[in-house]
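According to TrEMBL, the feature region 'Disordered' maps to 1-26, 40-67, 154-199. Per TrEMBL, compositional bias 'Polar residues' is recorded for 46-56, 182-199. According to TrEMBL, the feature compositional bias 'Low complexity' maps to 161-179. Annotated domain 'T-SNARE coiled-coil homology' per TrEMBL: 217-279, in sequence order.
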């Protein structure tokens with residue numbers, strides 16, 4: 001129990017293990033007591049300062065991360081636009097090369113038609129000459145009976161064969177149609193125009209075409225222009241393909257006629273050779 005001097009003293013009778021040395025002053029007792037309040041306050045402060053505190057004010061880091069994210073999105077958008085322009089440029093290049101191949105094929109077909117027409121004309125002349133020589137051979141066969149008539153009658157002018165020429169008017173008209181298609185396909189390609197200066201296929205020939213130097217502020221306009229160019233190129237390719245198809249069909253028909261004319265000329269030559277052999281044996 002507490003004495004008058006402010007010391008806590010416990011009687012020996014109540015606790016045999018208690019000694020006088022266990023007496024503690026009030027001040028010392030308070031010092032030895034655990035500071036539960038301070039510990040509670042420290043834990044509370046630690047819990048409030050933790051990362052789960054929803055009331056912690058925002059600092060400049062989150063604003064900076066949002067700005068950085070926005071810049072990243074803009075960079076991604078710019079890369080997508082560049083890839084889109086490059087893809088459209090490559091598509092235009094492929095169409096341009098396809099047009100050049102079609103134009104070259106059409107030019108070859110036009111030259112081939114000219115050669116076929118010349119061959120057909122020569123076959124016509126050959127058949128006319130063979131018919132004339134055949135008539136002469138027939139006259140020689142009856143030389144004793146028709147010598148007078150042969151020299152008295154004027155020679156008949158060469159007439160066109162009743163079989164007709166190997167070349168029909170439709171062939172020349174078809175050639176003109178292909179030439180018109182060829183002119184329409186070749187005329188839009190103008191290197192002086194702004195669209196053709198930026199044509200992707202012309203870069204192979206040393207012309208300037210760098211998408212990295214192109215401002216991306218008018219990406220939509222550039223894409224619209226590219227799509228328009230591709231649409232025109234596709235329409236030209238369609239007309240060129242139709243003209244080539246018609247030309248091939250006509251030339252196949254012309255080749256068949258040439259084959260027929262060549263067979264007839266060969267048959268006449270063989271028959272006349274046999275006739276001449278019979279005459280020489282007599």
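Including glycine, each Cβ sits where the backbone N, Cα and C put it.
Bear in mind that TrEMBL entries carry predicted annotations, made automatically and left uncurated.
Small disclaimer: the values here were computed from a predicted structure and weren't measured.
In terms of DSSP secondary structure, the domain 'T-SNARE coiled-coil homology' (217-279) contains 63 helix, 0 strand, 0 coil.
Averaged across the domain 'T-SNARE coiled-coil homology' (217-279), pLDDT in this predicted model comes to 89.
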